[in-house]
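According to TrEMBL, the record shows the following:
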ACT_SITE  LYS40  active site, proton acceptor
ACT_SITE  TYR269  active site, proton acceptor
BINDING   ARG141, MET316  substrate binding site
DOMAIN    248-373  domain 'Alanine racemase C-terminal'
MOD_RES   LYS40  N6-(pyridoxal phosphate)lysine
Amino acid sequence: MVVGKHRPTIETVDLEAISWNIQQIRKGLSPGKKFFAVVKADAYGLGAVPVAKKAKEAGVDGFCVALLDEAMELRENGLSDDFIMVVGPTEAEDAALIADNGISVAVTAAEWLEAALPYLQERKTELPVRVHLAIDTGMGRIGLRTVEEVQAFEARIAELDGFVFEGIFTHFATADGEDPTLVERQLTLFEEILQAMAQRPPIVHLANSAISLWHEAFRTDAVRVGIAMYGYNPSDTVLELPYELKPSVQLDTQISYVKQMHEGDTIAYGARYRAFEGEWIATLPIGYADGWRRDLRHQTVIVDGQRCPIRGVICMDQCMISLPKEYPVGTKVTLLGENGGLVNNPSEMAVTIDTIGYELLTGINARVPRVYK
Ligand SMILES: Cc1ncc(COP(=O)(O)O)c(C=O)c1O
């Protein structure tokens, strides 16, 4: 994808804020607990390599990604010895690549191990595949679900060469909500499974941001923190953050065109907005093909410390806003982040369009150049 370097739409990522958030979250964890920074999906759209390097400097103990290719990107860009776990599915035929690169993977069944065996012959090293058994305690996504299945897996992996049973983990469905019922049920099932194992693997982990922020007490060896590290509330507007986090993303552009309208003049496709007499309308060089989604059209952006409503539908590469008065071409406009004391927080904006801050952040794509602060 072409990066739009020649237009003034820029995403600024505050790496210091990420570092500060890591320290804040760390203070809330019990001593000795490992902090795995979740940098999947290009660090939620903020750039996996720079974020991971900064997170390492801030003292994290490893990284979680979703794809084997995301793990390889880190390995190939200076994170050569760090713990990296792929929390999503991987292909058994990639077992040699996984082993040779010392990558830990989520495994959901003994069949994966059996299927990986022939591919392990192709290893260039003697390194084993580091296995983290996924347990589905209520998320309904991946993993074994019963004590019997886990015991059978444990027996089988002990018989096979080429694997090390490094960890076991689960993931929560409602940790960001007000009702703790499912969280408690998931914890109980996970604990029952751990108790029934012949040996607890060295790295037991379950906590995403929401668990780390609001339910840290459970005894585990590591947390997997994503959104909170980037400075956003995983619960959007439902639960309050227990301590301050600093948002790390600023999305700014500049006015590219300004005009004054007559009563009834229309704006954008479908002519859905009709201007009032004398209304100042500015055009912004950002649209849905940049990840500035069409359904954000009822939101406001910030100009000179004032909220300005988007007018009409958002086009592919541009959108229009209403100004309180004339502002010149080149005036800074903030879409996400702070401007003159006002803030557009993606977690809060997301609620109004029935999504989550994660989707807004990951949606801003490579067309928007990213700079680091
Ligand atoms: C398995 C797993 N662990 C941890 C995380 C991090 O979640 P959060 O960003 O809410 O901390 C995710 C993200 O979706 C995940 O899929």
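Cβ from N, Cα, C; glycine included.
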What does DSSP give as the helix, strand and coil breakdown of the domain 'Alanine racemase C-terminal' (248-373)?
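Going by DSSP assignments, the domain 'Alanine racemase C-terminal' (248-373) contains 23 helix, 48 strand, 55 coil.
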Cβ neighbours within 10 Å, counted over all protein chains: which one of the recorded positions LYS40, ARG141, TYR269, MET316 has the most?
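Ranked by Cβ atoms within 10 Å, first place goes to LYS40.
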In whole Å, how far is LYS40 (active site, proton acceptor) from ARG141 (substrate binding site) when you measure between their Cα atoms?
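Here the two Cα atoms lie 17 Å apart.
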State the Cα to Cα distance, in Å, between TYR269 (active site, proton acceptor) and MET316 (substrate binding site), rounded to an integer.
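Pair distance, Cα basis, whole Å: 11 Å.
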What average pLDDT is reported by the model for the domain 'Alanine racemase C-terminal' (248-373)?
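Across the domain 'Alanine racemase C-terminal' (248-373), the average pLDDT comes out at 97.
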Give the three-state DSSP assignment (helix, strand or coil) for ARG141 (substrate binding site).
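Once the DSSP labels are grouped into three classes, ARG141 (substrate binding site) ends up as coil.
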